[in-house]
C-alpha cells in the first residue's frame, strides 16, 4: 500500500520502521530541519530516509499549493503522521482514499495539542499513553483507531517517560498497521466533553514559582529535566537550573523561596519544601545540591526568586479601546480585582468607569479612536494585550448608518490590528454572534458552521460582514505573520450598564434596554415581527469571566482560537424576554413610581428598523471551544440577570418628579 509520511523525532523514526516492517511502500517522507536552539537527543528522520533510499523533503510550508500538487502526484492510498510539528491541511488529508492517521502521545481526548509528554508530568498525572487516530481538519480530534496505556511512575522524568511512550508506540503500530492495510479497523469517536487541550511550551515557561506547593515544583522539574531545558530559578541576578529534586513534607514558617538548609539544599515552598538534588549554574557543569549552594553563595535564610532581581516587576499591561462601554467597564473591574494587571483605556466618555478613575493601576484618556491614532499606536507598542472593543453594535444603526458602521467596525479596527502585527502584540478581538447570520445549524459552531448572510440590498448585514471580514484578516495575519490572537463571539450579553435609557429613546440600544424604557415611560412594548426570534442571553458576569480567562491564556490554549461565549441554556424569544421583564417589573419595590403597563404591540421590522432589515430566527452557541480552552461554563440563570439589569436601570431614573 502506497503511503506518504510526515514525521519527526524518535516517534517519526520508529513509525517509519514500523511501516516498512508492515509492508507499506513509502513514496516520500516530509520532515523538519533541526532547530539549532534545540538539543537534538532524538533520531534523525532525514538520515533514516536517506539510508532507506526514500525521497525526503523539509519544506517551510507543506500546505503550499505547489506541495499539495506534488503530493497529489504521488497518489498515496493512505497518509501517516508521526510527531510532525505542523498542521496538515485538509486538501492533503483528502488525497488519500484510505484516510490519514496520526500518532499522538497521550490518551486522547485528554491532552490534545502540543507537548503532551511534558504537560502530563507538569500536572502530576499517573497515567498517559499513545493514540493512533484518524486525522481530520481539527487537530487531534479524529476518531480513535487504537490506544495503549502507559503508567507514569513517581520517579519518571521526561526522558524516561519518552522511552516508555516510544516502546508503547512500537507495540501499538505493530498491532494496528496490518489492520489498517487490510481495512479491518474499528474506530471510536472521541468524547468531546472529556477533551482537554494544551499549548506549546517554551524554556521560559519552566521557572520555579516558590509560592506553589513543593509537589507542583517537583513535577515541573521532572517535566523538563535533561535533555529538555530544565526548571530554573534565580539568586539575585544569577540564573541556575534544577535538574533533579525531591519533595520534603517540611513544616516551616520560612517565606517561600527561602533556603532552609544548604546540606541538603532545601528550599521553602508554599506547602512543604523542595530539595534540590542536582543542578547547575548558567553554562556550568551539573553538581549535587550542597555544592550548588556553595557555588551560588547560599546560606540558611538566603532568598531565591523566579526572575532576576533586576528584572522589571511590572504588571501585565492591557489596552482597552472602548473602555467605557458595556464590556470594557466590566472587564476593567475584573482585571483591577487582581494584583497583576495595569489597565490603559480610551473612550469618548467616562460615566461608566468613573469608579476607577482614581485607581492607581487604571490610566484613562478621553478621546476618539479615529482621531487619537498616535496615542493608540504608542500604547499598542507599550502594552502586552490589546482589546479593541469600539464598534457600532446596535441593529437600527446597520440600516440607518451603514457606511459609518463599516468605517468604524472595519477600517478603524484594521489599523489597530496592523499595529499589533507591527509590534508583535497579542490581540483579543470581539467578533460577534452576528457573523453566523442566517445559519441553520442547531448550534452555531466556530469551526464548522457556515456564515450565511442576505443579499447586498439588505444593508442590515453590513455589520455582520464587516466583522466577518476582519475575523478573516486577523486569522490570515496569524497564519502568515505569526500574530498572536484570540477571537471571541459574545452571544447577547446582558447586565447593568448595558447601553442607557437615553440611547434607547433614539432607538440605538439593545433589546432589553429598549423594553425597560417602554416600561419606564408607560409606552407599549414593541415586538418586532411578533417577537418570536429566539436568542440565548448571557449574564455579563459569566461573559467577563470567560473573557478574563482568555486574557490569562493558561497554557497558551487560547492562541489562534475562535471562542463563542454564550449560554445555550438561557434561550428565549424576545416576546418571552418581554414577559419575564414585565413580571420582574411588576414586583419591583420602585414599581409604584412608574405608569401602568401599556401592553405589547406587534410591529413590522421595516417600520422600526427601516428598509433593508432582515432578522434571524434563532442563534444558539456551541460552547465546546470555551469548555476546552477556558474550562468555563455559564452559571447564571436568565431570570437573575433580568432582575439585576432592571433594578440597575430603574435606579438610574430621576424619581423626583414621579408620583409616590
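Cβ coordinates come from backbone N, Cα and C, glycine included.
Feature list (source: Swiss-Prot):
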{"type": "REGION", "residues": "1-304", "note": "region 'Formyltransferase ArnAFT'"}
{"type": "BINDING", "residues": "86, 87, 88, 114, 136, 137, 138, 139, 140", "note": "(6R)-10-formyltetrahydrofolate binding site"}
{"type": "SITE", "residues": "102", "note": "site 'Transition state stabilizer'"}
{"type": "ACT_SITE", "residues": "104", "note": "active site, proton donor"}
{"type": "SITE", "residues": "140", "note": "site 'Raises pKa of active site His'"}
{"type": "REGION", "residues": "314-660", "note": "region 'Dehydrogenase ArnADH'"}
{"type": "BINDING", "residues": "347, 368, 369", "note": "NAD(+) binding site"}
{"type": "BINDING", "residues": "393, 398, 432-433, 460, 492, 526-535, 613", "note": "UDP-alpha-D-glucuronate binding site"}
{"type": "ACT_SITE", "residues": "434", "note": "active site, proton acceptor"}
{"type": "ACT_SITE", "residues": "619", "note": "active site, proton donor"}
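Take the Cα of residue 434 (active site, proton acceptor) and measure to each of the binding-site residues 136, 369, 526, 529: the nearest one is 529. Each residue in the region 'Dehydrogenase ArnADH' (314-660) has a pLDDT score, and their mean in this model is 91. The least crowded of the recorded positions 140, 434, 529, judged by other CB atoms within 10 A of its own CB, is 529. Compute the center of the Cβ atoms of 347, 368, 369, which mark the site for NAD(+); besides them, the chain residues with Cβ within 8 Å of that center are 321, 322, 346, 348, 367, 370, 371, 372, 390. In the structure shown, across all protein chains, 535 is the one of the binding-site residues 86, 138, 535 with the greatest number of other Cβ atoms within 10 Å. Secondary structure from DSSP puts residue 347 (NAD(+) binding site) in a beta strand. For residue 368 (NAD(+) binding site), applying a Cβ distance below 8 Å and a minimum sequence separation of six or more within one chain yields 348. If you compare every pair of Cα atoms in 347, 368, 369, the residues listed for NAD(+), the longest distance is 8 angstrom. Nearest neighbour of residue 393 (UDP-alpha-D-glucuronate binding site) by Cα distance, taken over the recorded positions 102, 104, 136, 138, 140: 138. Annotated pair residue 104 (active site, proton donor) and residue 88 ((6R)-10-formyltetrahydrofolate binding site), C-alpha to C-alpha distance, rounded: 14 Å. DSSP assigns residue 102 (site 'Transition state stabilizer') to a strand.
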